[in-house]
Amino acid sequence: MAAGPRTSVLLAFTLLCLPWPQEAGAFPAMPLSSLFANAVLRAQHLHQLAADTYKEFERTYIPEGQRYSIQNAQAAFCFSETIPAPTGKDEAQQRSDVELLRFSLLLIQSWLGPVQFLSRVFTNSLVFGTSDRVYEKLKDLEEGIQALMRELEDGSPRAGQILRQTYDKFDTNLRSDDALLKNYGLLSCFKKDLHKAETYLRVMKCRRFVESSCAF
């Protein structure tokens, strides 16, 4: 699987240049509606970033004829598929806000280690050397979710009740087909997990604060 020419490669990371509502770690006392709004916006940014990165990696490294068969095998690769987390909006609406926050926290924390190796996956470090910023944004979202948990649980988040897991780090040996497939699978899981976290946060925000943007 030889690397092909990259087209519009910068698009994969344009969202990294967009301003965030506040700096990382900045979750002071504020209305619950603002906490939810900020967390949802952060999750949307990260989900779009994950989707763009996955798409760019696929275009660059995965032959088109192999994509369908590989994608069919990727669901079992994601450990998040083995936990009782809702798989979509309808299922999420059947869970309590505290449950959804705990699942969101689990998903975010499972990627804090692996994303620190993300920049090493790509040969063009000037473009993809942004792993630290992705990590910072994940930490920022983690803190936002923990702030929401403190508000809703009336105390500190009970992290001990969440089974913490993590994914393997990305493989830097891009000359190996096995490494390429591993990274492709990891990026697929990253995209899926960020989509789940975004969905959970949007469901919670919408049912607490009725608004026109609840249709998604």
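Backbone N, Cα and C define each Cβ position, glycine as well.
When other Cβ atoms within 10 Å of the Cβ of Glu198 (Zn(2+) binding site) are tallied across all protein chains shown, the result is 25. Positions annotated as Zn(2+) binding site by Swiss-Prot: His45, Glu198.
What Swiss-Prot lists as disulfide bond is Cys78-Cys189 (among others). Close to Cys78 (disulfide bond) in the fold, though at least 6 residues off in sequence, lie Gly185, Ser188, Cys189, Lys192, Asp193, each with a CB less than 8 Å from its CB. In the three-state DSSP reading, Cys78 (disulfide bond) counts as coil.
According to Swiss-Prot, the feature disulfide bond maps to Cys206-Cys214 (among others), an assignment based on similarity to another entry. Residue density at Cys214 (disulfide bond): 12 other Cβ atoms are found within 10 A of its Cβ, drawing on all protein chains shown. Cys214 (disulfide bond) carries a helical DSSP state (H, G or I).
Residues or ranges marked as phosphoserine by Swiss-Prot on the basis of similarity to another entry: Ser131.
Feature annotation from Swiss-Prot assigns signal peptide to 1-26; the stated evidence is similarity to another entry.
Cys206 (disulfide bond) has a Cβ environment of 19 other Cβ atoms inside 10 Å.
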